[in-house]
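Features of the protein shown, as given by TrEMBL:
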DOMAIN    191-477  domain 'SAM-dependent MTase RsmB/NOP-type'
BINDING   Asp305, Asp352  S-adenosyl-L-methionine binding site
ACT_SITE  Cys405  active site, nucleophile
Amino acid sequence: MPPHFLLTTTGALLQRIARFEEPANAVLLQFLKAHPRLGVRERQQLGNAAFTALRFWRLLQYWAKLGSTPQLPDAQHFERLALLSHALLAQYPQQPPAPAAQAAYPAAAPITDALARAVLQQARDWAGQWPQEDGSAAAQQWLGHCIDALQAEGAATGQASSLPLACQHNLPDWLAEKLLSAYGTAHFWPLMHALRQSAPLDLRVNLLAHKRQIVQHMLQEQGIACEPTPHSPWGLRLPGKPSLRQNPLMHNGTLEVQDEGSQLLALLSEAKRGETVVDFCAGAGGKTLALGAMMRDSGRLYAFDTSAHRLARLQPRLQRSGLHNVHAMVLQSEADARLQRLHGKVDRVLVDAPCSGLGTLRRHPDLAWHLPAEEIPRLQALQLRILSAAAALLKPGGHLIYATCSLLPDENEAVCQLFANKRPQFAQESWPPLLEKHGLAHLLPNPNTLPGRTQGLMLLPHLHQTDGFFIARWRKQG
Ligand SMILES: C[S@@+](CC[C@H](N)C(=O)[O-])C[C@H]1O[C@@H](n2cnc3c(N)ncnc32)[C@H](O)[C@@H]1O
């Protein structure tokens, strides 16, 4: 049972996160700094409970408010959320089903009434053990009311999951509607299951340093359990998510933290030795480093971004990586006049475009609440502008790779379509042969089951155990 002070502390943290002014990760870090007396285990429990609350935000709000008129004072409301999130944490499976495969996630709402009852009962049992002055009786009464409501609803509907839809998808309505129409129920619910779990810790082995197998042994010798990632030839997955901050393999550039989907995106851009390659939206350089290793530190690799702050974070990583072929440049905008020098000269351009980031909801469950629906058309226009500017750099026969970590067709297929309408000289490359070449043909889901996915490759947490990524490729005709 979490001690009562941990529940009040979790409540205080949730109250800050719920302003949705800053990313939850940043709020958590500030909060932990301000509470130096918390032990290692308590810090971990606090973080896990806060992120669980964010993953089940609407469900927990619904339960916390049930039977409470007038509205509860804030502190009490957030303490209720805290109690429920700790109970959910104890009851909801944190790991993906094994073997993690499409069929393993049911195409049904994640919270069955049986699971809901177990969570509420767990919370009630804990509240029953509190001293009276901590509000034991009131909490038990409220939770009893929630259990009765669940039972009544279940009896009325006769469904395995009788909770309101919003309590099942836990997303803003506009977003749930968009995803449901993009993926259909057959994929929407398995996706919702997968997005409710925390992402694994994936590392990319820098092949300029060592082979993956050797690094796997090195980690295992340090007592760190790891296994090769299912799809990327460079990846290691660490199920226990140990802290690697002090690990020499991170300090000497042998390992970089990188989701397997992001590794695949670099792999499928197929950068080669001696080429001129541009990473147009390089950010802190996650893909740049992988591209540089693929090019074996030869040719020229340009890392562009409009954010000096993000690009600055690439520098120490570059030094560790052993790469010397990278030229970083902060752009004024995608229309920066200095880009003209490269027009028609580049073999390959990767556009890892700024996007809603919804494919990373496992790691950043609060993203959905920071994102206004009106942001999507703005992003789409920016994505199209960047893609068009990037296309101008390519020589005939060159390859353009467009990627987002968004789950929304508006930022993916729609952008490809708009680009294709403007630039008929760019021929879309077909995925099956490309994937086959890399032994990755299994990444393509049956196109009949994923509606409208004709333009790109979609990596999805419930199908591939990666963050959500969209990737499209074109070849500039000569
Ligand atoms: C998805 S992030 C890139 C992540 C990066 N590739 C990595 O692997 O770490 C998108 C990046 O696009 C940058 N960006 C935004 N507007 C841009 C523009 N007009 N031109 C180039 N980059 C831009 C952002 O600063 C951000 O770093």
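Any Cβ shown, glycine's included, is placed from N, Cα and C.
Note: TrEMBL annotation is automatic and uncurated.
Residues belonging to the domain 'SAM-dependent MTase RsmB/NOP-type' (191-477) score a mean pLDDT of 94 in the model. Cys405 (active site, nucleophile) and Asp305 (S-adenosyl-L-methionine binding site) have their C-alpha atoms 17 Å apart, to the nearest angstrom.
Under DSSP, Cys405 (active site, nucleophile) is assigned to coil, being neither helix nor strand in the three-state scheme. Residue density at Asp352 (S-adenosyl-L-methionine binding site): 26 other Cβ atoms are found within 10 A of its Cβ, drawing on all protein chains shown.
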